[in-house]
Every structure is written in structure tokens, then in C-alpha cells.
Amino acid sequence: MPVITEIADLKRLYRRRVPKMFYDYCESGSWTEQTFRENCSDFSKLYLRQRVAMDMTGRSTKSRMIGQDVAMPVALAPVGMTGMQHADGEILAARAAARFGVPYCLSTMSICSIEDVAENTDKPFWMQVYTLKDDDYMKRLFDRAKAAKCSAAVITVDLQILGQRHKDLKNGLSAPPKLTPKSVANMMTKVPWGLEMLQTKRRFFGNIVGHAKGVNDPSSLTTWTAQSFDQALDWDRIREFRRMWDGPLIIKGIIDPRDALEACNVGADAIVVSNHGGRQLDGALSSIRALAPIMDAVGDRIEVHLDSGVRSGQDVLKAVAMGAKGCWIGRAYIYGLGAMGEAGVTRALEVIHKELDTSMALCGRTQLDTVDRDILMIPKGFSGDWED
Ligand SMILES: Cc1cc2nc3c(=O)[nH]c(=O)nc-3n(C[C@H](O)[C@H](O)[C@H](O)COP(=O)(O)O)c2cc1C
């Protein structure tokens with residue numbers, strides 16, 4: 001067993017184990033990948049203030065996200081095709097999250113279906129929904145989430161249209177993978193991944209095939225996806241979704257203060273400041289830079305979470321210090337899952353937890369609710385000094 005001390009260790013193992021097509025799917029941003037890169041690099045522009053000789057005993061990273069107790073304020077973000085990174089990936093990630101005491105959010109575009117994840121785990125999870133035109137499908141999706149006892153719905157609002165990722169087009173990304181000479185040659189070097197995949201029946205989009213009208217086999221899925229994402233989405237439509245779901249609601253994919261205010265008006269319980277991990281609008285601001293203006297705009301009207309670029313407990317601490325109630329991680333746990341399955345997701349959470357706990361202590365704080373902007377040195381103009 002290799003010694004894993006940081007998320008980058010898991011990424012190295014993940015790269016070796018998973019076919020290139022799925023590694024590239026995860027490890028890319030749209031177009032020039034500027035936003036994808038800056039999501040991470042902007043965190044390192046914020047400095048932490050070290051304090052000494054302050055009693056650091058009795059520490060806790062426990063917190064709450066949308067009223068739910070969490071072992072640390074970190075949720076596993078919805079990631080499409082997680083079940084292609086490792087056989088039964090969604091179930092394994094949900095189990096690791098439940099054991100660790102953090103929320104897991106299942107993607108609409110998952111391989112394991114809502115029902116399958118619910119049957120194979122013992123704690124409620126959150127359900128992410130894309131905003132599709134098909135009203136029947138949407139109502140059924142919310143009903144299915146309710147029947148599966150999901151404890152929150154997450155509406156992703158930043159994907160009415162798909163940002164282009166060059167590698168996915170070049171690799172001919174699909175689930176299950178298309179067998180071309182190139183993809184077969186690559187898969188032959190990933191034997192453990194392939195053997196596990198052969199042993200599972202979960203290889204298609206479980207929430208769509210057999211659920212969406214006219215999608216009974218994977219080949220009709222591409223046409224359905226292209227036709228179904230709703231380019232006409234507006235806040236009135238989001239209000240309709242609010243009426244379809246009476247539980248806790250989170251709106252994911254906000255990067256502008258004006259949109260954050262709109263989200264407050266539809267009766268959401270939380271927003272996620274996110275640019276989809278740099279996969280949508282290339283050239284958009286990193287999430288950590290976008291956070292402060294959004295916090296200033298919404299005040300305490302709504303709970304604010306952040307994702308995109310979080311790779312360490314220090315990143316979580318910085319986001320919390322800037323006012324986020326919690327962070328979501330995407331790639332950080334996918335690296336773990338691809339590297340080592342459920343144990344790898346657990347390891348990713350342990351790494352982040354230790355970093356968060358130790359860094360909080362070195363900043364002279366013992367409880368997360370006392371962490372504020374005082375522990376940070378924020379460069380002038382960090383959140384932008386823009387022309388009107
Ligand atoms: C491979 C991949 C697939 C994703 N699929 C979805 C999805 O189906 N639904 C969604 O709301 N967000 C999706 N996201 C975005 C994540 O939920 C999250 O916003 C992003 O990963 C955060 O950035 P990070 O990976 O830098 O932590 C996906 C991200 C990745 C990397």
C-alpha cells in the first residue's frame with residue numbers, strides 16, 4: 001500500500017489505474033482551461049496568519065450544512081459518470097461519505113441510479129438535478145428522489161449548454177466506452193479497472209436509460225441529451241422546480257452576486273458558488289475570488305457554499321474564513337475513487353480533514369465557527385477592481 005499524504009498522491013495513482021478517456025474527462029476544463037487552473041492557483045494567493053502560544057486543545061471540525069450535522073464542512077459534489085471511474089463508483093463514494101459523516105450528492109448523469117444508491121447505502125444523500133425541458137421527467141426525478149429519501153435537492157443552473165472540453169471530443173468520450181483501436185489499446189493497460197467493470201452490471205446512465213421517454217438504450221441517449229437541456233431556463237422555471245420539491249433546496253453554479261440575489265428570491269436554502277470546476281465558461285472568475293462579493297451581496301439571507309479548485313484542508317479553511325459555510329469537492333475525491341475505490345475516497349477525506357484541523361490550530365482557532373477573515377491576509381484587489 002503506497003503512503004498517501006496528500007491529494008496529489010491519489011491523483012498519481014488514479015492516472016495509472018483509469019483509462020485515459022475517463023481521466024481526461026475529469027482532469028480538464030473548458031477551452032484554454034484558464035478558469036480550471038485559476039480555481040486552484042487563486043487559493044494560493046490568500047495567506048493564512050499563523051498565531052502561536054494559543055491553547056489549541058479541544059478542537060473540532062464539526063459543523064452544519066443546511067441544518068445537517070457534518071464531521072467537517074465538506075460535501076462530495078455531483079460528478080457525472082462516477083461509475084466509469086471505478087465500478088459502482090457512486091455507491092462506493094456515497095458509502096465513504098456516510099461513514100465519514102459528510103454529505104454525498106448524486107449526479108443526474110450518474111451511472112448508478114438514485115434507487116440503486118439508496119438500496120446500497122444506509123444514509124440519505126443529496127440529489128443533483130439538471131434543468132431539463134421535459135416536465136414529466138423532472139417531476140418524476142423529484143418524486144424518485146423523495147421516494148429514495150434524499151435529504152436535499154441540488155439544482156445545477158450553470159449547464160444549459162455545454163462548455164467545450166477538447167479532450168472529450170478527441171477521445172470520443174462515452175459510457176460505456178466506445179471500442180476503438182485506440183481506446184482498446186489504452187484499456188488493455190488498465191486491467192484491474194477492466195476486470196472490475198466486467199463484474200458490474202452498472203455501465204449506463206442509470207437515471208436516464210429506461211426513465212426518460214424514448215431513451216431505452218444508450219444509443220438514443222446522445223440525441224435525448226442534446227434535445228433536453230433547457231436553453232430557455234429562467235428564474236420562473238426554477239421557481240417551478242422549487243414547487244416540485246418541498247425539501248431543502250440548494251442552487252449550484254452561481255458566480256455573480258446578481259444571480260446569488262435571484263437565488264435568495266426563489267426560496268433556496270443554500271447556494272453553491274461554483275463555476276462547475278472550470279468546465280463551463282472559460283475566462284470566468286475563480287470561485288474563491290468570486291466568493292467575497294457574493295457574501296457581501298447576500299449577507300445572512302442564505303447559506304453559501306463554495307466549490308471549484310478545493311484540493312486541501314487549507315483551501316477549505318480559507319473558504320470558510322471568507323464566509324462560506326462549507327465546501328464541495330469534485331476531483332479531489334474522484335482521484336481517490338479511481339485510485340482505490342471506497343478506501344481512496346475515505347483517504348481523500350482523511351487527508352483534507354487532517355489538513356483542515358492542523359491548519360485551523362496553527363491559526364489559533366479551535367472551532368470552525370470562530371474562523372473569520374481575521375485569519376487571512378487577502379491581497380488588495382483579490383476579488384477584483386473592475387471597470388463598471
Ligand atoms: C468529471 C466531472 C463531472 C461533473 N459532473 C457534474 C454533474 O453531473 N452535475 C453537476 O452539477 N456538476 C458536475 N460537475 C461539477 C462538480 O459538481 C463540481 O462543481 C466541480 O467538480 C468542483 O470543482 P473541483 O473538481 O475543482 O472540486 C462535474 C465535475 C467533474 C470534474
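Each Cβ is built from the backbone N, Cα and C atoms, and glycine gets one as well.
Taken from TrEMBL, the feature domain 'FMN hydroxy acid dehydrogenase' applies to 1-381. Annotation source TrEMBL lists glyoxylate binding site at Y25, R165, H276, R279. TrEMBL lists 78-80, S107, Q128, Y130, T156, K252, S274, 307-311, 330-331 with the feature FMN binding site. Per TrEMBL, active site, proton acceptor is recorded for H276.
Shown on the structure are the features that TrEMBL records.
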{"residue": "Y25", "record": "glyoxylate binding site", "Cβ within 10 Å": "23"}
{"residue": "Q128", "record": "FMN binding site", "Cβ within 10 Å": "25"}
{"residue": "T156", "record": "FMN binding site", "Cβ within 10 Å": "22"}
{"residue": "R165", "record": "glyoxylate binding site", "Cβ within 10 Å": "22"}
{"residue": "S274", "record": "FMN binding site", "Cβ within 10 Å": "27"}
{"residue": "H276", "record": "glyoxylate binding site", "Cβ within 10 Å": "26"}
{"residue": "R279", "record": "glyoxylate binding site", "Cβ within 10 Å": "24"}
{"residue": "S308", "record": "FMN binding site", "Cβ within 10 Å": "32"}
{"residue": "V310", "record": "FMN binding site", "Cβ within 10 Å": "29"}
{"residue": "G330", "record": "FMN binding site", "Cβ within 10 Å": "22"}
Open item on the list: If you count, for each of the binding-site residues P78, G80, the other Cβ atoms lying within 10 Å of its Cβ, which residue has the minimum?
Closed with: G80
- [ ] Restricting to the domain 'FMN hydroxy acid dehydrogenase' (1-381), report the mean pLDDT as a whole number.
- [x] 96
- [ ] Between the Cα atoms of Y25 (glyoxylate binding site) and G80 (FMN binding site), find the distance and write it as a whole number of Å.
- [x] 10
Task: C-alpha spacing of H276 (glyoxylate binding site) relative to G330 (FMN binding site), in angstrom - done: 9
Open item on the list: Of P78, G80, T156, S308, V310, which is closest to H276 (glyoxylate binding site) if I measure between C-alpha atoms? They're all binding-site residues.
Closed with: S308
Task: Q128 (FMN binding site) in three-state DSSP notation - done: strand
- [ ] May I ask for the distance between R165 (glyoxylate binding site) and S274 (FMN binding site), taken between their Cα atoms and rounded to an integer number of Å?
- [x] 18
Open item on the list: Neighbours of the glyoxylate site Y25, R165, H276, R279: Cβ within 8 Å of the Cβ centroid, same chain, sequence order.
Closed with: S28, G29, S30, G163, D168, G277, G278, Q280
- [ ] Could you say whether, by DSSP, P78 (FMN binding site) belongs to a helix, a strand or a coil region?
- [x] coil
